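A.B. asks: The annotation topological domain 'Cytoplasmic' is assigned in Swiss-Prot to 1-25, 141-155, 305-321, 377-407 on the grounds of sequence analysis. Annotation comment: Swiss-Prot describes 47-65, 111-119, 177-181, 225-283, 343-355 as topological domain 'Periplasmic'. The transmembrane segment feature in Swiss-Prot is assigned to 26-46, 66-86, 90-110, 120-140, 156-176, 182-202, 204-224, 284-304, 322-342, 356-376.
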């Protein structure tokens with residue numbers, strides 16, 4: 001008796017196994033895999049000196065990153081197997097889970113302090129960063145809200161303000177860690193989703209003005225944030241003090257010139273540039289691969305983010321509005337984090353502790369990025385094969401024989 005293993009591992013139709021084989025958005029997948037591969041190479045180079053001192057093995061950080069990468073690819077596959085309708089039904093539970101994680105991380109004895117911030121929950125040798133999970137859960141919840149309350153959001157102030165009953169307490173928990181960067185990224189993505197959801201221009205403008213005012217107050221409320229802002233305007237005035245990290249990052253860009261000094265030949269990673277393998281991995285990349293390599297990396301990021309937005313548009317055309325909002329929201333998270341990290345590295349923004357998606361060393365960020373990729377691939381597949389995300393009963397006949405639009 002033969003056993004069809006596809007029926008064991010595939011409770012629902014999925015882009016992994018279909019009647020035509022693997023049916024994925026290969027341009028999106030290729031772009032993200034290219035970034036992941038580049039990230040692995042740069043982590044191997046940028047972390048070698050730190051790893052040698054901390055563990056005696058120059059490949060220690062690379063091995064850990066590779067483990068996170070394998071876990072992340074597994075998370076990507078799992079999210080591709082789950083129907084988008086399931087995420088929509090679980091929106092409230094995810095929101096509660098996000099609040100629970102953010103509360104846990106600030107509790108003494110549970111949260112783990114690193115560099116003066118309580119942003120991690122320790123599980124043995126590994127740390128989990130709840131803010132990375134919370135940002136995605138907020139996107140999923142808000143996408144469901146925009147679908148349920150579409151008319152209310154577009155026509156009334158109450159529909160506009162209701163999401164902030166959830167968003168503001170969550171932002172407060174993030175600021176208690178403190179994690180100002182994650183707060184800005186999350187609130188920025190939420191604001192963009194509300195705008196796409198049909199919030200009037202006047203209400204959106206008011207929201208932006210209030211957000212700018214809030215950021216101004218938050219910067220002035222904490223001396224270290226104010227110091228970073230002052231240093232950012234002229235880092236060379238205190239290049240061995242508060243401006244040290246930024247000046248070393250700029251030196252890395254200067255050393256790289258057009259074609260770079262070559263892979264593995266960075267000088268700045270040798271304890272001159274702090275966090276060379278995490279927040280400032282792009283500076284090491286610029287030093288080793290030069291302006292040309294940096295621009296190619298930026299082009300890859302632009303392609304991936306634009307492709308994510310197009311996936312949202314395709315879902316919207318297929319009238320799968322929840323999936324469309326999720327795709328938009330995830331893309332905005334990537335765009336926000338990418339712009340802030342690159343801006344910090346090149347000196348256009350004050351120093352902020354945000355990783356570069358797909359490239360920086362960090363298990364939580366890498367796994368969540370891969371899971372988001374899985375969601376986007378699932379959304380693209382469902383919109384292309386016209387699998388409904390509301391009341392669909394799955395069967396083998398749901399597999400489309402031909403794509404309904406070319407991409």
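Just so you know, glycine gets a Cβ as well, placed from its N, Cα and C.
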A.B. asks: Under 8 Å, at least 3 Cβ pairs, sequence separation 6 or more: does that hold for the transmembrane segment (66-86) versus the transmembrane segment (204-224)?
C.D. replies: no
A.B. asks: Quick one: do the transmembrane segment (26-46) and the transmembrane segment (284-304) have at least 3 Cβ pairs under 8 Å, skipping pairs fewer than 6 apart in sequence?
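C.D. replies: Contact between the transmembrane segment (26-46) and the transmembrane segment (284-304): present.
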A.B. asks: For the transmembrane segment (284-304), could you work out the same-chain residues 6 or more beyond its ends whose Cβ comes under 8 Å from its Cβ atoms?
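C.D. replies: Answer is 27-28, 31-32, 34-35, 38, 42, 45-46, 252-253, 255-269, 273, 276-277, 334, 338, 342, 345, 357, 359.
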A.B. asks: Considering every residue in the topological domain 'Periplasmic' (111-119), what is the mean pLDDT value?
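C.D. replies: That stretch averages a pLDDT of 76.
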A.B. asks: Where DSSP helix means H, G or I and strand means E or B, what are the helix, strand and coil counts for the topological domain 'Periplasmic' (47-65)?
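C.D. replies: Helix, strand and coil residues of the topological domain 'Periplasmic' (47-65) number 14 helix, 0 strand, 5 coil.
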A.B. asks: With DSSP helix as H/G/I and strand as E/B, how many residues of the topological domain 'Cytoplasmic' (305-321) fall in helix, strand and coil?
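C.D. replies: Tallying H, G and I as helix, E and B as strand, the rest coil: 14 helix, 0 strand, 3 coil.
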A.B. asks: Kindly report the helix/strand/coil residue split of the topological domain 'Periplasmic' (343-355) according to DSSP, in that order.
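C.D. replies: Taking each residue of the topological domain 'Periplasmic' (343-355) in turn, the totals are 3 helix, 0 strand, 10 coil.
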